[in-house]
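Peer 1: Below are the features I grabbed from TrEMBL:
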- 1-224: domain 'GH16' (DOMAIN)
- E110: active site, proton donor (ACT_SITE)
- E114: active site, proton donor (ACT_SITE)
- N118: N-linked glycosylation site (CARBOHYD)
Amino acid sequence: MMYPLSIFLNNFLLTFFLIGFVTLLPVTNTKPATFLEDFRITWSDSHIKQLDGGKGIQLLLDQNSGCGFASKKKYLFGLVSMKIKLIPGDSAGTVTAFYMNSDTDQVRDELDFEFLGNRTGQPYSVQTNVYAHGKGDREQRVNLWFDPSADFHRYSILWNHHHVVFSVDEVPIRVYKNNEHIGTPFPNSQPMGIYSTLWEADDWATRGGLEKIDWKEAPFYAYYKDFDIEGCTTPEPSACASNRANWWEGPSYQRLYAGAARRYRWVRMNHMVYDYCTDKRRNPVTPPECLINGI
């Protein structure tokens, strides 16, 4: 069948537009892995149970112990993500943590997700923090806009030479930029391992420690699946930076694209409940990185 030239051109232009549009979107890279491929149990193996042939795990907290696990390797830059279903019901005083850590004592680098348990019916908060060259105290806290105990949601950390981006279901909730040019330290030289723990922290976790764990609700369970680590295992940072095969260093990942930037502003305007940048009691002088606009 012969088509009129106008229809052919319209179809061609539409196809060209869609291909171009897709190439502008961030690439989703996933690497299916079982728990034991990339991780080891570090704390209380009796409280961690493998599920679905090792594709998922269950963490348990009771009055005897919490538990934790860590990656077998350390990574310098890249993307780490996993899907987590948090503790349902009354989880006040518990903390489910997912973080990266250089494990280097006073000069450690660390990138934290800390999910702070809540009283039944109250919002679930996630606290992020950044340690760079041993300096931390950069907490920000966001109330999640959904019930993270009802289903799995993806939590990810993108880390490259330009910034660190914490995301929830591909929605950025925090961007920590490389501002070394103004004297603010940035984690760019120490490889970090990936860790997760479920533990009791009712001295600070919920309403500053006012809400304590109700042990009648124990045991508490959190669930993990879809582990994904894509990072540079080369210890030399210049080699990581110069390797064009490392997609996380590409132009598309050096700043938020327009759609992600809009979602990021929405989270900050509607769901942020604490920011170290505006805490005048802790920081009478605003930290210099907080004065720089842009994402």
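Backbone N, Cα and C define each Cβ position, glycine as well.
Model, not experiment: these values are computed from the prediction.
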Peer 1: Near the Cβ of E110 (active site, proton donor), how many other Cβ atoms are there if near means within 10 Å?
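Peer 2: E110 (active site, proton donor) is surrounded by 20 other Cβ atoms within 10 Å.
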Peer 1: What mean pLDDT does the predicted model reach across the domain 'GH16' (1-224)?
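Peer 2: Summarising the domain 'GH16' (1-224) by its mean pLDDT gives 86.
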Peer 1: Can you grab the distance from N118 (N-linked glycosylation site) over to E110 (active site, proton donor)? Cα atoms, rounded to a whole Å.
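Peer 2: It is 25 Å, counting Cα to Cα.
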Peer 1: Any idea which of the recorded positions E114, N118 has the thinnest Cβ neighbourhood at 10 Å?
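Peer 2: So among E114, N118, the recorded positions given, the one with the fewest Cβ atoms within 10 Å is E114.
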